[in-house]
Amino acid sequence: MSLNSSLSCRKELSNLTEEEGGEGGVIITQFIAIIVITIFVCLGNLVIVVTLYKKSYLLTLSNKFVFSLTLSNFLLSVLVLPFVVTSSIRREWIFGVVWCNFSALLYLLISSASMLTLGVIAIDRYYAVLYPMVYPMKITGNRAVMALVYIWLHSLIGCLPPLFGWSSVEFDEFKWMCVAAWHREPGYTAFWQIWCALFPFLVMLVCYGFIFRVARVKARKVHCGTVVIVEEDAQRTGRKNSSTSTSSSGSRRNAFQGVVYSANQCKALITILVVLGAFMVTWGPYMVVIASEALWGKSSVSPSLETWATWLSFASAVCHPLIYGLWNKTVRKELLGMCFGDRYYREPFVQRQRTSRLFSISNRITDLGLSPHLTALMAGGQPLGHSSSTGDTGFSCSQDSGTDMMLLEDYTSDDNPPSHCTCPPKRRSSVTFEDEVEQIKEAAKNSILHVKAEVHKSLDSYAASLAKAIEAEAKINLFGEEALPGVLVTARTVPGGGFGGRRGSRTLVSQRLQLQSIEEGDVLAAEQR
């Protein structure tokens, strides 16, 4: 009996040791995971905040929302996540009741503000793409500030009720932090989900849905990479008659002009899917978990699922600087330039200022229905020349585009695509008669813009010459002929009282003749004399 009892005791002790060892391994793994998430959240959002703050030309109206988003995520990594790391090891809250309530409020406030900011960014892109002409009047600096203030007030309204009796705050050992007791007040759980999560998600769905529809209309393609243009004989019909069909074999040389690869539509679709997918993947499980706790009790959700859902909600703060910050080519180049100096390409200051001004109308997505010249004039800049970001395929590429959407415009150009835009190879395509009329009108507008630019250039040159002549005449009247630069007058005199420098006298005579001719508006006559 004693031998059997000792054997059973040894087995129980070994089982307890194995369980403790397994639990200790899980705790260590979870501790390492939450530390990695905290480091990525802190560093990722910090570099975007510093880049936007140091490079003031990047802080456009659209990027102000990104700045607010990344700054709030950085505060989350500093004020909330370190206490989550400590609680993941001890499995208890050791920082007191006051800080428990305050950390729960901070977590709800920052999370709600982040989700609402995503909705505001979607609205900003919606106006930039669908209404580019009225965008500068709709999205102004004051309205952007008002939108940011509204975001935080809206979030505060959704987070304060647990502190005033509607629901309560408690430490959740499986979430490793103090949160609202979702299982105690189903009404507050539903209110917070609708007020702070469902509302911005629906706004994102509607806005990005309209944006993608505009991209499809502008691209005039049904599927990415599988649509071809069929052009019949122009001699029989008298004009081009085009129709679309699905590419199957590609063997008919005269019928098919080639496959048009709608890279812009694919890019728009991928960007929208990434934005919406990141939101649903990171916040969807957490919303399902707290809804299950509110409806069927806290025991209805497994502890591991509760932990993973909380991790994913933290991971959303890692996705935001990647999607809305580092995906921006200009921000990425400036960040690399700050880290590695001149080893990476950085645009000159003047070019950056002009690019930021021209494309401030749509900092995320390039305009769809406007030519580069009209975009430049609408933004208050100069008409774009051959260095425009529109290539021969009609793709509008902007380095200031945060998500780098390239959307097809209604026209094509014979110029070579710029080196900084990666556009598909040049392919011929047929157009309808109505499209030809639109292209002719657009070409006429562009030619008028070029003529006006040449006129302005000539007027500027004439004004500069006139100003120099007036300045020279004023110097002659005030200081004499020696004050003019380039007049070679020697100090010695020759018999007769004149100066020995004939070159200087000839220069003065020619300058006076040129001055008189400029005042009379006839420069060529002065040169002939």
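Note that Cβ sites are derived from N, Cα and C of the backbone, with glycine treated the same way.
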One side of the membrane in Swiss-Prot: L61 and V217: yes
Candidate annotated in Swiss-Prot as N-linked glycosylation site, out of N15, N241: N15
Disulphide bridge to C178 as given by Swiss-Prot, partner from C42, C100, C266: C100
Packing count at C100 (disulfide bond) (other Cβ atoms within 10 Å of its Cβ): 19
Distant-in-sequence Cβ neighbours of C178 (disulfide bond), under 8 Å, six or more positions away: W93, C100, N101, S103, A104, Y107, V169, E170, F171, D172
Structural state census, the topological domain 'Extracellular' (86-101) (DSSP three-state): 11 helix, 0 strand, 5 coil
DSSP residue counts for the topological domain 'Extracellular' (291-306), split into helix, strand and coil: 13 helix, 0 strand, 3 coil
